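Trainee: Annotations for this protein, taken from Swiss-Prot, read as follows:
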- Cys24-Cys51: disulfide bond (DISULFID)
- Cys27-Cys36: disulfide bond (DISULFID)
- Cys43-Cys70: disulfide bond (DISULFID)
- Cys73-Cys89: disulfide bond (DISULFID)
- Cys90-Cys96: disulfide bond (DISULFID)
- 22-99: domain 'UPAR/Ly6' (DOMAIN)
- Asn67: N-linked glycosylation site (CARBOHYD)
- 1-21: signal peptide (SIGNAL)
Amino acid sequence: MGKPILLLPLGLSLLMSSLLALQCFRCESLDSTGLCRVGRRICQTYPDEICAWVVVTTRDGKFVYGNQSCAECIGTTVEHGSLIISTNCCSATPFCNMVHP
């Protein structure tokens, strides 16, 4: 009789963590229009993760690369040679990491 009682808190804990998780778009390679060309999926965040997307452009604004994921994320923009790498984060709503070039 003790085992079912012990399993109840574990089940409730798993249910709560899945309810609190955020769903995000996951794509290994976006094109310049924001469409996923490789690896289109949905991911669910783990603790400390949020929805993220990275866009790489040239200094004159030409699109080079983009991706979407669930990740630990800090929004930054970094210049590396002739490229600008923008890391963006969101957690307000599910699938908030949709890319609109």
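Glycine too: its Cβ is placed from the backbone N, Cα and C atoms.
Context for these features, please: burial, neighbours, distances.
Mentor: DSSP gives Cys24 (disulfide bond) a strand state. Applying an 8 A CB threshold to same-chain residues 6+ apart, the list for Cys24 (disulfide bond) reads Ile42, Cys43, Gln44, Thr45, Ile50, Cys51, Ala52, Gln68, Ser69, Cys70, Pro94, Phe95, Cys96, Asn97.
Residues near Cys36 (disulfide bond) in space but far in sequence (CB under 8 A, at least 6 apart, same chain), listed by position: Phe25, Cys27, Glu28, Ser29, Leu30, Gln68.
Counting every protein chain shown, the Cβ of Cys70 (disulfide bond) has 21 other Cβ atoms within 10 Å.
Within its own chain, Cys89 (disulfide bond) has Ile50, Cys51, Ala52, Cys73, Ile74, Gly75 as residues 6 or more apart in sequence whose C-beta sits under 8 angstroms from its own.
In the three-state DSSP reading, Cys90 (disulfide bond) counts as strand. Other Cβ atoms within 10 Å of the Cβ of Cys90 (disulfide bond), summed over all protein chains shown, number 17.
Model confidence over the domain 'UPAR/Ly6' (22-99) is summarised by a mean pLDDT of 97.
Under the DSSP three-state reduction, Asn67 (N-linked glycosylation site) is assigned to strand. Cβ neighbours within 10 Å of Asn67 (N-linked glycosylation site), excluding its own Cβ and spanning all shown chains: 21.
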Trainee: Cα-Cα, whole number of Å: Asn67 (N-linked glycosylation site) versus Cys90 (disulfide bond)?
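Mentor: So the alpha carbons of Asn67 (N-linked glycosylation site) and Cys90 (disulfide bond) sit roughly 14 Å from each other.
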Trainee: Can you check what DSSP calls Cys96 (disulfide bond), collapsed to helix, strand or coil?
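Mentor: Cys96 (disulfide bond) sits in coil per DSSP, no helix or strand.
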Trainee: When a 10 Å sphere is centred on the Cβ of Cys73 (disulfide bond), how many other Cβ atoms does it contain?
Mentor: 21
